[in-house]
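**Student:** Sharing the features that Swiss-Prot gives for it:
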BINDING   Lys22, Asn23  phosphoenolpyruvate binding site
BINDING   Arg92, Arg121, Pro122, Val123, Asp124, Gln125, Asp304, Ile326  UDP-N-acetyl-alpha-D-glucosamine binding site
ACT_SITE  Cys116  active site, proton donor
MOD_RES   Cys116  2-(S-cysteinyl)pyruvic acid O-phosphothioketal
Amino acid sequence: MDKLVIEGGQKLAGEIVVSGAKNAALPILCAGLLSAEPVHLDNVPDLQDVRTTLKLLGQMGVRTESADGKVSLDASKVDNLVAPYELVKTMRASILVLGPLVARFGEAKVSLPGGCAIGARPVDQHIKGLQAMGAEINIEHGFIEARAKRLKGARIITDMITVTGTENLLMAAVLADGETIIENAAREPEVGDLASLLVSMGAKIEGIGTDRLVIQGVDKLHGAKHTVVPDRIEAGTFLCAVAAAGGDVTLRHVRPQILEAVTDKLRDAGVTIEEGDDWMRVRMNQRPKAVSFRTSEYPAFPTDMQAQFMALNTLAEGTSQVVETIFENRFMHVQELNRLGANITIDGKTALVNGVEKLSGAKVMATDLRASASLVIAGLCADGETLIDRIYHLDRGYDRMESKLTAVGAKVRRIKGNQA
């Protein structure tokens with residue numbers, strides 16, 4: 001397994017170009033299944049999860065081409081409606097083929113998902129919604145099997161806000177017979193980006209960006225061209241890295257307006273942030289102030305930024321409380337941060353972070369995608385050398401992170417698994 005070695009103590013300066021959003025790219029790739037005509041995408045990040053999704057689509061008979069952030073999909077000859085365990089186990093977002101397959105082909109067989117080890121993320125909301133639209137669903141031998149002659153429009157009220165659930169039901173509804181209303185829908189920008197692609201393919205969707213989506217089903221969708229929204233979590237991660245390590249960095253290809261929950265807290269910590277339409281400049285030359293926060297659904301503070309901001313808080317002046325309301329078991333980075341000298345205690349859904357004056361490099365292990373990013377941030381600040389093991393987690397969600405950090409002055413290098 002590859003490892004990262006970080007020599008801490010370097011200030012960061014320069015420019016970073018932010019990649020397309022992982023959490024938009026994955027559902028958008030799956031949406032290619034909804035049309036027999038080609039879909040052309042731009043600003044697709046080069047990530048392990050994207051490669052896994054393309055492999056999955058390829059096994060179903062979708063012709064895929066990808067190079068330099070551009071991906072073309074041709075689903076005119078889909079001949080396999082099964083998403084196998086071997087691929088789905090590595091990436092939970094594979095469940096997103098379920099809605100498109102049932103909507104366009106009338107059946108699907110999708111393995112129950114895997115992905116990040118951060119607690120139970122049940123697919124029952126996906127299943128209930130599809131059943132409300134007339135799908136017959138059985139779960140046996142580790143697979144979800146769904147059938148429907150044609151899905152029927154329905155009013156769906158999800159029991160909880162679910163991003164992938166909203167996306168799956170939205171993709172199913174665009175080809176259903178009649179009107180579908182999704183209440184308590186996720187409002188994340190990545191859901192809105194998927195909806196924008198679907199509209200450009202001929203779907204009829206109202207309420208994009210709100211918690212109530214109204215979809216008028218159409219008989220078929222056509223091809224389209226679409227540019228994936230910038231990754232707000234990647235941008236937020238780099239903002240926290242500069243805030244923790246110190247320096248002066250400009251981020252390009254960002255949407256500041258979808259990052260406000262994070263930038264508000266960074267300003268509270270003493271960070272200077274300037275913004276334009278598609279850029280942000282972050283400057284920090286002092287010890288951060290401790291900032292408490294609570295994760296919640298968009299537009300509140302994102303759970304996917306909790307670990308990175310906690311890494312910043314480890315070095316802050318004062319004590320902060322971090323409350324995680326979305327996922328249980330999402331404090332696995334705490335014991336690794338403590339190995340670097342942090343002072344964090346956990347009580348249920350709350351972490352109490354007592355800021356320390358310095359961290360010291362050590363060997364640590366990444367446990368999930370965002371936890372690995374928090375260890376990178378801590379390593380940038382720690383005295384001496386930090387070695388992060390199991391960084392395949394990082395590769396699932398960050399496009400060339402170490403080369404982007406190196407370009408702004410960090411001392412980061414990758415040790416290949418066969419050299420470690």
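Yeah, the Cβs are placed from backbone N, Cα and C, and that goes for glycine too.
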**Student:** Using Cα coordinates, what distance in whole Å links Asp124 (UDP-N-acetyl-alpha-D-glucosamine binding site) and Asn23 (phosphoenolpyruvate binding site)?
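**Tutor:** Cα-Cα, rounded: 20 Å.
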**Student:** Do you know offhand how many angstrom separate Asn23 (phosphoenolpyruvate binding site) and Asp304 (UDP-N-acetyl-alpha-D-glucosamine binding site) by C-alpha?
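**Tutor:** Between the Cα atoms of Asn23 (phosphoenolpyruvate binding site) and Asp304 (UDP-N-acetyl-alpha-D-glucosamine binding site), the distance comes to 11 Å.
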**Student:** Using C-alpha atoms, which one of the binding-site residues Arg92, Val123, Gln125, Ile326 comes nearest to Lys22 (phosphoenolpyruvate binding site)?
**Tutor:** Arg92
**Student:** If you count Cβ atoms within 10 Å of each one, which of the binding-site residues Asn23, Gln125 comes out on top?
**Tutor:** Asn23
**Student:** Take the Cβ of Asp304 (UDP-N-acetyl-alpha-D-glucosamine binding site) and count every other Cβ within 10 Å, whichever protein chain it belongs to.
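**Tutor:** Asp304 (UDP-N-acetyl-alpha-D-glucosamine binding site): 23 neighbouring Cβ atoms within 10 Å.
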**Student:** Taking the Cβ of Asp124 (UDP-N-acetyl-alpha-D-glucosamine binding site) as the centre, count every other Cβ atom within 10 Å, in any protein chain shown.
**Tutor:** 13
**Student:** Within 10 Å of the Cβ of Arg92 (UDP-N-acetyl-alpha-D-glucosamine binding site), how many other Cβ atoms can you find? Include all protein chains, please.
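**Tutor:** Its Cβ has 19 other Cβ atoms within 10 Å.
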**Student:** How many other Cβ atoms sit within 10 Å of the Cβ of Ile326 (UDP-N-acetyl-alpha-D-glucosamine binding site)?
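**Tutor:** Around the Cβ of Ile326 (UDP-N-acetyl-alpha-D-glucosamine binding site), 19 other Cβ atoms lie within 10 Å.
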**Student:** Most Cβ neighbours within 10 Å: which of the binding-site residues Lys22, Pro122, Val123 is it?
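**Tutor:** Of the binding-site residues Lys22, Pro122, Val123, the most buried by Cβ count within 10 Å is Lys22.
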